[in-house]
2 protein chains.
Amino acid sequence: MSRKSPLSVAIIGVGLVGSELISQLLSLPSPSPFKLVSLSSSKRTVFSQDGLSVTPESWTSTLASSASTPDLVALAEQLSTLPRAVLVDNTAAQNVAEVYPEFLKRGVHVVTPNKKAFSGTQQLYDEILKTSKESGARWLNESTVGAGLPVVQTLKDLVATGDKVKKIEGVFSGTMSYIFNEFSTASPGGPAFSSVVRIAREKGYTEPHPADDLNGADVARKLAILARSIPSLQSTLPEGYLSVSTRSLVPDALASVASGSEFVDRLSGFDAEYEKLRDEARAEGSVLRFVGVIDVETGIVKADLEKYPATHPFATSLGGSDNIIMFHTERYSPRPLIVQGAGAGAAVTAMGVMSDLLKLVL
Amino acid sequence: MSRKSPLSVAIIGVGLVGSELISQLLSLPSPSPFKLVSLSSSKRTVFSQDGLSVTPESWTSTLASSASTPDLVALAEQLSTLPRAVLVDNTAAQNVAEVYPEFLKRGVHVVTPNKKAFSGTQQLYDEILKTSKESGARWLNESTVGAGLPVVQTLKDLVATGDKVKKIEGVFSGTMSYIFNEFSTASPGGPAFSSVVRIAREKGYTEPHPADDLNGADVARKLAILARSIPSLQSTLPEGYLSVSTRSLVPDALASVASGSEFVDRLSGFDAEYEKLRDEARAEGSVLRFVGVIDVETGIVKADLEKYPATHPFATSLGGSDNIIMFHTERYSPRPLIVQGAGAGAAVTAMGVMSDLLKLVL
């Protein structure tokens with residue numbers, strides 16, 4: 001048995017996560033199991049089948065000086081001529097996600113933190129499964145849920161080793177975690193909902209437009225990804241995250257407010273409603289948390305605002321913008337398997353991508 | 001790119017974990033990525049390079065009717081003639097652990113829940129690293145710490161992706177977890193230490209002789225395994241777990257009591273000492289937990305009885321015989337990455353072994 005040849009890596013997307021990944025990749029001790037053969041932004045691309053001559057300092061200028069524009073299908077062709085290759089998609093782009101089957105059918109692995117392909121239509125998801133199965137090329141998406149936390153692989157391991165998942169329940173959004181950890185505690189009083197959202201936005205914990213977090217779509221996408229990893233739920237969400245029962249925290253009256261700052265200003269008009277929910281929960285000895293629930297027996301997949309007793313780990317153990325995910329299974333019963341920690345941020349997301357890459361060269 | 005040929009699997013040890021693993025392995029959907037080529041108990045062995053014709057129902061009688069006795073070096077030779085092979089050691093035997101280098105140097109992977117090889121002398125550990133590096137054969141030991149919980153791989157991923165581990169802190173023993181969750185709570189009063197140990201023994205949560213848990217050696221072994229996965233600590237425990245600073249909860253006067261039941265009877269003579277420790281902790285608003293700590297900066301690796309505030313996850317979130325492990329790193333800071341859940345038992349241990357096997361065929 002001998003060492004394999006290096007895995008050729010093509011990276012699309014050079015924003016925060018992409019830059020961090022390139023930095024992690026180029027910092028591996030020599031001899032590296034990887035050869036970086038391509039880099040692409042939305043405007044430019046570079047490719048060298050023998051490996052790009054770049055350093056952590058030089059890659060940005062190398063890419064900036066390229067005259068070539070990205071062509072995904074051409075890239076799939078180029079990678080398919082190499083002995084072993086992987087596409088790393090660090091974008092959040094739907095159009096990149098839709099081309100994964102082109103790579104997989106040519107035997108090129110796909111590794112990505114991009115949720116779009118796995119949380120969208122059943123058709124695209126099935127096409128990914130099918131092309132992967134036929135060619136043997138793998139797709140790995142650890143960092144689509146909980147960033148670098150071991151969530152997706154843990155679920156895959158539970159399923160692959162014959163455990164029966166009964167329920168998955170968790171706080172899947174760092175933004176929602178921060179907002180409700182601050183807003184709803186076991187103690188009386190507390191800040192207004194709109195002030196918490198305003199501070200979260202100022203700290204950069206929300207999207208520029210907080211409605212993009214408060215609408216629950218991000219949580220619904222993560223639920224779709226996990227639910228589809230459970231055999232009995234693989235085909236129960238035909239429209240992906242749109243099929244997930246999702247409570248939006250965006251007041252109807254503010255649904256069409258296009259500016260993030262105007263949205264936060266006008267959100268204060270709804271503070272009394274949120275305060276009422278908080279008081280109701282507290283009267284029961286509970287706190288509010290925006291959670292995702294996958295109930296395998298009933299087939300219910302929902303992103304919702306729920307009450308949890310003040311003694312529950314979602315109340316006692318959470319802090320900051322942590323994610324927490326509980327797996328209730330036949331083996332992990334009555335007490336669940338729990339994973340907790342920062343579930344967002346460039347460094348930990350890139351770590352999840354990198355650990356997927358390392359699985360391919362084990 | 002095409003699918004690889006099946007990985008040939010040789011299993012040593014057919015006790016609780018071994019039986020469960022064989023059951024999981026033979027239950028995989030067809031076509032299985034594995035071919036079971038050998039089974040060995042301490043007395044008998046069977047081998048077929050084309051794969052054993054066994055079912056979940058028949059393997060015990062097939063093994064029982066064999067006239068061959070196990071020969072580890074011969075097995076290593078046999079496996080080395082196959083294209084891809086793995087030894088799975090489900091024993092807790094030192095003599096099996098010492099032969100891993102023979103397998104690794106012949107290109108045979110090693111997967112095991114056996115802690116002995118990785119928590120023993122530096123010499124054996126270094127020999128394993130060296131032979132693995134030279135041949136490219138891998139050793140995977142996820143289930144040596146926390147059974148099926150994603151602990152070892154998470155640490156390896158943190159290290160491999162360039163994170164800096166600062167501190168690992170956790171309750172690593174299901175037995176110790178149960179004992180102190182019952183014995184030391186935030187509420188006044190509580191059962192005598194010896195009664196808790198007695199009940200734990202009756203429930204099968206302890207070894208037949210509870211001193212084998214209370215001496216802290218199991219926790220020290222897990223700490224040695226994790227510490228050695230951190231580059232700066234790789235060579236700082238020359239005698240492995242014996243080099244870990246370990247508090248034994250076995251009273252000196254009972255050190256030579258050979259019978260488990262006599263040990264529990266006589267332990268009641270020391271209840272006052274434990275009660276004093278519990279009262280001291282409670283006076284500070286704390287609980288007692290037997291924990292393992294790896295402090296990377298100071299190089300301190302210790303298994304000790306420590307006090308934790310009643311608001312700490314070790315006090316609020318733990319229950320039953322759960323393990324909980326916190327990774328404090330540069331990226332996971334100030335809030336750690338936490339993994340929690342059942343850390344012992346045949347089904348979850350076999351799951352950890354199985355997920356290692358699946359990594360080899362990804």
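Placement of Cβ uses the backbone N, Cα and C atoms for every residue, glycine included.
TrEMBL: automatically predicted annotations, no manual curation.
TrEMBL has this to say about the protein:
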type	residues	note
BINDING	A:Gly13, A:Val14, A:Gly15, A:Leu16, A:Val17, A:Gly18	NADP(+) binding site
DOMAIN	A:13-140	domain 'Aspartate/homoserine dehydrogenase NAD-binding'
BINDING	A:Thr91, A:Lys115	NADPH binding site
DOMAIN	A:150-358	domain 'Homoserine dehydrogenase catalytic'
BINDING	A:Glu207	L-homoserine binding site
ACT_SITE	A:Lys222	active site, proton donor
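Less than 8 angstroms from the CB of A:Gly18 (NADP(+) binding site) sit A:Ile11, A:Ile12, A:Asn90, each of them six or more residues away in the same chain.
Among the recorded positions A:Thr91, A:Lys115, A:Lys222, the residue whose Cα lies closest in space to that of A:Val14 (NADP(+) binding site) is A:Thr91.
Shown for the domain 'Aspartate/homoserine dehydrogenase NAD-binding' (A:13-140): DSSP residue counts in helix, strand and coil, namely 54 helix, 20 strand, 54 coil. The recorded positions listed here are A:Lys115, A:Lys222; among them, A:Lys222 has the most other Cβ atoms within 10 Å of its own Cβ. Once Cβ contacts within 10 Å are tallied over all protein chains shown, the binding-site residues A:Gly13, A:Gly15 are led by A:Gly13.
For the recorded positions A:Lys115, A:Glu207, A:Lys222, a Cα-Cα cutoff of 10 angstroms around A:Val17 (NADP(+) binding site) retains nothing.
Listed in sequence order, the residues of the same chain lying 6 or more apart from A:Glu207 (L-homoserine binding site) and placing their CB within less than 8 Å of its CB are A:Thr175, A:Asp213, A:Gly260. Under a cutoff of 8 A between CB atoms, and with a sequence separation of 6+ in the same chain, the neighbours of A:Leu16 (NADP(+) binding site) are A:Ala346. Here the domain 'Homoserine dehydrogenase catalytic' (A:150-358) returns a mean pLDDT of 96 for the predicted model. Checking the recorded positions (A:Thr91, A:Lys115, A:Lys222) against A:Gly13 (NADP(+) binding site) with a 10 Å Cα-Cα cut-off leaves A:Thr91. Listed in sequence order, the residues A:Ser19, A:Glu20, A:Leu21, A:Asn90, A:Thr91, A:Ala346 complete the 8 Å Cβ shell around the NADP(+) site centroid, once A:Gly13, A:Val14, A:Gly15, A:Leu16, A:Val17, A:Gly18 themselves are left out.
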